[in-house]
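Visitor: So TrEMBL has the following annotated:
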- 8-89: domain 'GST N-terminal' (DOMAIN)
- 95-227: domain 'GST C-terminal' (DOMAIN)
Amino acid sequence: MAQNDQNETVKLIGTWSSPFALRARVALHLKSVKYEYLDEPDVLNAKSELLIKSNPIHKKVPVLIHGDVSICESLNIVQYVDEAWPSVPSILPSHPYDRANARFWAQYVDDKVFASLDAVGGAKDDEGRMAAAGKLMECLATLEEAFQKSSKGLGFFGGENLGFLDIACGTILGPVSVIEAFSGVKFLRQETTPGLIQWAEKFKAHEAVKPYMPTAEEFLAFAKKKFGVE
Ligand code: GSH
């Protein structure tokens, strides 16, 4: 059942390939919020006026427009959605320590994991690529440890149910699959990240994720076009 009334306009500006827009879509789906989705088909080169007006600082997607306010930055949007529609399910954990811990690791994903992904993708030579790949492996092994501790064997970072940290970490799956395909190196390995491998399958199959998550093939085709690779 939709959680918002008909006079309350909710719009999301995104682009289908954006792992960050995915976060917002999953959060809105979990809360059964009805919204209009506005796709920016070429957000790097052709931004709509609405996007520039709604996110004048970064000019990036996603942006959530709720009535007459705009909320920017994907993790911020997920937290806003959780607070603005306080119905079940809760996206952030209820205990203050668990909330702080989930936010800590979400920040780790954005600061460290994405930085290593960018470094592998942007490396100038093999030596640089090898060093960046090593760093990415370390980051994923660290995330595996965090997963083992916080999931307590229940499947998701937050336990039985998909929550904030799952939404935050789900963003790495598309980019990791692209880097794996480009480099021929497996970064999510049974020996080092067995928990994350199982979690990734569960995450992708979740009913709040599946409709919005491009397949590895779609991500790869998009990345090849973006980087002009045959
Ligand atoms: N930190 C931002 C968030 O979490 O929302 C990152 C958002 C982001 O990088 N969005 C990309 C974008 O809009 C699409 S995946 N890029 C446009 C640009 O860089 O001009």
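Cβ coordinates come from backbone N, Cα and C, glycine included.
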Visitor: Could you tell me how many residues in the domain 'GST C-terminal' (95-227) are helical, how many are strand and how many are coil under DSSP?
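Guide: Computed counts for the domain 'GST C-terminal' (95-227) are 95 helix, 2 strand, 36 coil.
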Visitor: With DSSP helix as H/G/I and strand as E/B, how many residues of the domain 'GST N-terminal' (8-89) fall in helix, strand and coil?
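Guide: Going by DSSP assignments, the domain 'GST N-terminal' (8-89) contains 29 helix, 17 strand, 36 coil.
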